[in-house]
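Annotated features in TrEMBL:
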ACT_SITE  B:Asp294  active site, proton donor/acceptor
BINDING   B:Glu143, B:His211, B:His232  Zn(2+) binding site
BINDING   B:Ala154, B:Asn235, B:Ala236, B:Arg243, B:His272, B:Leu328, B:Ser329, B:Gly330  substrate binding site
COMPBIAS  B:361-371  compositional bias 'Pro residues'
REGION    B:353-376  region 'Disordered'
Amino acid sequence: MKLIILDDYDKASEWAAKYVRNRIFQFNPGPDRFFTLGLPTGSTPLGLYKKLIEFFKSGEISFKYVKTFNMDEYVAIPRDHPESYHSFMWNNFFKHIDIRAENAHILNGNAADLQAECQAFEDKIKAAGGIQIFIGGIGPDGHIAFNEPGSSLASRTRVKTLALDTIQANARFFDGDLSKVPNMALTVGVGTVMDAREVLILITGAHKAFALYKAIEEGVNHMWTVSAFQQHPQTVFVCDEDATLELRVKTVKYFKGMMPMHNKLVDPPQEIAEKPYSA
Amino acid sequence: MPSNKSVSDSQIIQFINCRILKDHLLQREDLWVRDGKFLDPEKLFFDEEGFADIRVDCNDSIVAPGFIDVQINGGYGIDFSLATDDVSGGVALVAKKILEHGVTSFCPTLVTSPPHIYHKVLPEVKVHDGGREGAGVLGVHVEGPFISPQKKGAHPEMFLRGFEAGGVRDVLETYGCLDTVAMVTLAPELAGSPAVIQDLAQRGITVSLGHSVASLSQAEEAVRQGATFITHLFNAMLPFHHRDPGIVGLLTSDRLPAERTVYYGMIADGIHTDPAALRIAHRAHPAGLVLVTDAIMAMGLPAGRHTLGQQVIEIQGLHACLAGTKTLSGSIASMDMCLRNFRQASGCSREAALEAASAPGPAPGAQPPEGHPGLRHRCRLRVAG
């Protein structure tokens, strides 16, 4: 694991965006060679998306040959509902970049056969050659996507019933009416994310600190599903100072000491400095 | 081309780097158009897997709905109340010129005239959408002759009339064919007017109250019968009185049908209405305010004497009066001047001013909003700095 510690949310978002930019650049995608990204929703990745959009606008990245796979989507809310993850991705990312719709995959929570939809999603990932980087966040209860405490660490894309606190936390987006909040979602499994070549987890804010502690300083445990990535060969956790508040001083000092080396991963590749990526 | 062409083959145009008026706010958003209609880009992306064929860079301009002028008597030497040999040519000339002021739809207005004028002019006016050649014509606004002699303003008294033959018959006899009529200004206190208002409203013609000495209750009755507009508020009607506010009282009346909005034309040339009066109306009923020019043929022409209908008027600066009197006979301010005056006088936001100048409410043929949420369906656009 690489634990990347930045001063604040903005710097963490920027580091993560540069990392993704560099990986796409190094991969050198083309019409027969798509770069595949797994994408999250929520407030944590907003800064990352803003930065990626900036890089697109300045010509440093193109998403023309990038395929994306979102982690999850609610079941049974209209696709154009302002709280659907389709709306989130459109408004916060897709509408600002040059990705083609046929390359942007989001689970369809209104499919007639939800199981088939989940299986089809897994098949699409396989057909795309697997995911290069799966970007995710972490819930205060240590969950990744909707793999809430107790989810199997070997799980695949499936239908999940949402935990009561998740529903309560979401009520504010549905006029405070619990009956309007979706109570099921389609989500990639922990196993699905583990299949990716790299996993990039964004964790910012003090309210996530305990979950980060459980995820990296305690054992692998299905109650804190992000801990599964201790067994992935290429995991990067990008966080801000506040998110490290529950970690041992020793852990933090160790990884801060590695920052000069880790920062090389986000230096602009020579070619970017000389020649912008053409769309 | 859209990838799956499931809806249409037509080109998709994306306007970028612009500010659009959406949900009553100027927002930085791209505007997507296909076949002259707004597209919801999110639907385009997820349903059709489509993208833009053409991108137009607006260089940070505002893209706003075109202005609508429902009361304009002419301009640039053209007088709509004059039965010339080339009525449609005259309308086309004004239509082209007012595009420069941002007006993309208008109602050529005829002041009180003898029947033979209406019979000649009305059929010659074509109702059509606008385009590069000029603003669209929504239909004719006939202001009079069914108005009050006590509030005739600059209208010629000898041609005023009431509903002597029972109402609807008088209307048809006077105007001839109503096919091209979009709006009628009348005085609701005239005997027989309720039936006329009801009939006109049922035909889809906007009925406007004006040049009238109606009391508030007479005006309210007219609205219940179907009237939806007030012609140049404050001008040519009884002044506001605290025990009988008259037509002005419609702005805050609670005796109107629940769903009905009463719109009122406001000439914001700085002359027809004192800014304080404009503010009172605006603050009382901001949603109903509609900017109109009431421009006369002299708009765009130099100072001096000119004709309006059957009368002679005199221009000095921005004032246009009946020759030899102080009676205002119309305005020569263009719509964009009115908009700036209105904004300054009312202190309202840019968005509110833009909406007041392009309010579709009273305009006939205005469709309810659909398509892109927050944007009005079927409006012409202007690009402004």
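The backbone N, Cα and C atoms fix where each Cβ goes, and this holds for glycine too.
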**Q.** For the residue listed as 'active site, proton donor/acceptor', nearby residues of its own chain (Cβ under 8 Å, 6 or more apart in sequence)
**A.** B:Gln71, B:Ile72, B:Asn73, B:Thr109, B:His232, B:Gly265, B:Ile267, B:His272, B:Gly330, B:Ser331
(Q) Using the Cβ center of B:Glu143, B:His211, B:His232 as the Zn(2+) site position, which other residues in that chain lie within 8 Å, going by their Cβ? (A) B:Gln71, B:Gly144, B:Ile147, B:Gly153, B:His155, B:Thr185, B:Ser208, B:Gly210, B:Thr231, B:Asn235, B:Ala236, B:Asp294
**Q.** Cβ neighbours of B:Arg243 (substrate binding site) where a neighbour is any other Cβ within 10 Å
**A.** 5
Q. Roughly how many angstrom lie between the C-alpha atoms of B:Leu328 (substrate binding site) and B:Glu143 (Zn(2+) binding site)?
A. 16
Q: Out of B:His211, B:His232, B:His272, give me whichever of these binding-site residues has the highest number of other Cβ atoms within 10 Å.
A: B:His211
Q | Cα separation, B:Glu143 (Zn(2+) binding site) to B:Asn235 (substrate binding site) (Å, whole number) | A | 13
Q: Determine the most Cβ-crowded residue among the binding-site residues B:Asn235, B:Ser329, using a 10 Å radius around each Cβ and all protein chains in the structure.
A: B:Ser329
Q.
Can you give me the same-chain residues 6 or more apart in sequence from B:Ala236 (substrate binding site) with a CB-CB distance under 8 Å?
A. B:Ile147, B:Lys151, B:Lys152, B:Gly153, B:Gly210, B:His211, B:Ser212
(Q) Please report the Cα separation of B:Ala154 (substrate binding site) and B:Glu143 (Zn(2+) binding site) in Å, rounded to an integer. (A) 11
**Q.** For B:Glu143 (Zn(2+) binding site), nearby residues of its own chain (Cβ under 8 Å, 6 or more apart in sequence)
**A.** B:Gln71, B:Thr109, B:Leu110, B:Val111, B:Thr112, B:His155, B:Thr185, B:Gly210, B:His211, B:Thr231
Q. With every protein chain in view, how many other Cβ atoms are within 10 Å of the Cβ of B:Leu328 (substrate binding site)?
A. 21
(Q) Taking only the residues the record lists as binding substrate, namely B:Ala154, B:Asn235, B:Ala236, B:Arg243, B:His272, B:Leu328, B:Ser329, B:Gly330, what is the largest Cα to Cα distance between any two of them, in Å to the nearest whole number? (A) 30
Q: Kindly assign B:His272 (substrate binding site) to one of the three DSSP-derived states: helix, strand or coil.
A: coil
